[in-house]
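S.K.: Pasting the feature list from Swiss-Prot:
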- H325: active site, proton donor (ACT_SITE)
- D193, N230, H315, H352: Mn(2+) binding site (BINDING)
- N230, H352, V353, H354: substrate binding site (BINDING)
- N110: N-linked glycosylation site (CARBOHYD)
- N138: N-linked glycosylation site (CARBOHYD)
- N172: N-linked glycosylation site (CARBOHYD)
- N303: N-linked glycosylation site (CARBOHYD)
- N400: N-linked glycosylation site (CARBOHYD)
- N425: N-linked glycosylation site (CARBOHYD)
Amino acid sequence: MGASRTGCYLLAVVLAAVMNAAIAGITSSFIRKVEKTVDMPLDSDVFRVPPGYNAPQQVHITQGDHVGKAMIVSWVTVDEPGSSKVVYWSENSQHKKVARGNIRTYTYFNYTSGYIHHCTIRNLEYNTKYYYEVGIGNTTRSFWFTTPPEVGPDVPYTFGLIGDLGQSFDSNRTLTHYERNPIKGQAVLFVGDLSYADNYPNHDNVRWDTWGRFVERSTAYQPWIWTAGNHEIDFAPEIGETKPFKPFTKRYHVPYKASGSTETFWYPIKRASAYIIVLSSYSAYGKYTPQYKWLEEELPKVNRTETPWLIVLMHSPWYNSYNYHYMEGETMRVMYEPWFVQHKVDLVFAGHVHAYERSERVSNVAYDIVNGKCTPVRDQSAPVYITIGDGGNLEGLATNMTDPQPEYSAFREASFGHATLDIKNRTHAYYSWHRNQDGYAVEADSMWVSNRFWHPVDDSTTTKL
């Protein structure tokens, strides 16, 4: 290891010790101005349809394989199918290549979708900027993305974290804050609840279209890693819609087959020095179910010498001290938490509760029918649990908290915002949460995270339990 890298390690250790000085758990005293959260009207600029006949819209990308050398490009054409091909080339090459995808449509009650295109670009080079074009003729649209560095233990990488976004004025503020944050995210880990179309009469799927156009300014340029939330279920037998997750699965593809997963709702990816596992809070997760069996086999596969950072995404939080959705994730926690502790998961991100909360490293796995132990305890092999369901959707904030604040809860606040996770190396990452009311560089909550496999020191930010 070179002297400069050793110096960075030592600096990170010192900074972590200073930044994570132990204090009591915080219920933020920040007073957010009380305002009704409302969706932006259909004629808002952020929903503008691109000009021209059959112009591609709702462009979004996500990782297209297990290791970061492929990208799924998706878009919608409204007037006719058009072309499903993607033309792409690297920044330093004039040689253009073509990838071909497929087209699908769906109906939902009285709504018929446009033509939804999905095309996977494969065999990309790591750490390379690519330009790509979709559409044909005068309405061709051009975008770009950058592939991640090659997977490795000390590869730095920065993730954005957003959940429960919706398409309100507050949603727009959240996305703007993420875009202008000086800690530049390179990919977004999205913890579920996208469009909130199901809050409209008959689950108005036009609101899936408007949401796709709204987020295109980010999703077309950097991959968003998708997690399904309860607002993606769209199960409405009263109007004849009995196939759960229909709009979500038609519109948003993920690389679940690349890793041997059996369903689109749970899958892993490697990206830089991180191993990301996406789970489904709204699919069966009990013993012997497909998700249970898959996760039981998946966790032992994670090679922490290759990808030191083990991160899990889900929608319903396991540790939640708000009265909203209180203990909804409890049965899933009972099933899977022992595995998380055994395999030393570093961080778990969830949404669902429309507020922000960060826990200490705690577990509640000691109970058996005799000992009666059913209280969370400090556990340095356990993850930090973070609820980031504060994206800004029209349902508003969860302001009612349990009192007193549980000892496992390090920081909580009912404000809209987003977060970033800046992985430095195999031992340290810097996490920060940013509320919408602050300047773009302001951190309302932060901590240095110590990796559980390579540097399992106490990184608590509050006094001991």
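The backbone N, Cα and C atoms fix where each Cβ goes, glycine too.
Give me the lay of the land around each of these features.
M.R.: Under 8 Å, Cβ to Cβ, and six or more positions away along its own chain, H325 (active site, proton donor) finds S316, P317, H352, V353, A398.
Here the Cβ of H315 (Mn(2+) binding site) has 27 other Cβ atoms within 10 Å, regardless of which shown protein chain they belong to. According to its DSSP assignment, H315 (Mn(2+) binding site) is coil.
In this structure, N230 (Mn(2+) binding site) is part of a helix by DSSP.
N110 (N-linked glycosylation site) carries neither a helix nor a strand DSSP state and counts as coil. Sequence-distant contacts (6 or more apart, same chain, Cβ under 8 Å) of N110 (N-linked glycosylation site) comprise N202.
Around N138 (N-linked glycosylation site), a 10 Å sphere centred on its CB holds 9 further CB atoms from the protein chains shown.
N172 (N-linked glycosylation site) counts 19 other C-beta atoms within 10 Å of its own C-beta, drawing on all protein chains shown.
Residue environment of N303 (N-linked glycosylation site) contains 12 other Cβ atoms, counted within 10 Å of its Cβ in all protein chains.
Mapped onto three states, the DSSP output places N400 (N-linked glycosylation site) in coil. Summarising the environment of N400 (N-linked glycosylation site), the number of other Cβ atoms within 10 Å of its Cβ, over all protein chains shown, is 12.
N425 (N-linked glycosylation site) falls outside any helix or strand according to DSSP and counts as coil.
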S.K.: What is the nearest of the recorded positions N138, H315, N425 to N172 (N-linked glycosylation site), using the Cα of each?
M.R.: H315
S.K.: If one measures from the C-alpha of D193 (Mn(2+) binding site) to the C-alpha of N138 (N-linked glycosylation site), what distance in angstrom results, rounded to a whole number?
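M.R.: D193 (Mn(2+) binding site) and N138 (N-linked glycosylation site) have their Cα atoms 35 Å apart.
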S.K.: Measuring Cα to Cα, how many angstrom lie between N138 (N-linked glycosylation site) and N230 (Mn(2+) binding site)?
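M.R.: N138 (N-linked glycosylation site) and N230 (Mn(2+) binding site) have their Cα atoms 39 Å apart.
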S.K.: Only counting partners 6 or more residues apart, tell me which same-chain residues put their Cβ under 8 Å from the Cβ of N230 (Mn(2+) binding site).
M.R.: G192, D193, S281, Y282, H315, S316, H352
S.K.: Determine, to the nearest whole angstrom, how far the Cα atom of N425 (N-linked glycosylation site) is from the Cα atom of N303 (N-linked glycosylation site).
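M.R.: Cα of N425 (N-linked glycosylation site) to Cα of N303 (N-linked glycosylation site) measures 15 Å after rounding.
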S.K.: Measure the Cβ-based neighbour count of H354 (substrate binding site), defined as the other Cβ atoms within 10 Å of its Cβ.
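M.R.: So the Cβ neighbour count for H354 (substrate binding site) comes to 26.
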S.K.: Rounded to a whole angstrom, what is the C-alpha distance between H354 (substrate binding site) and N303 (N-linked glycosylation site)?
M.R.: 34
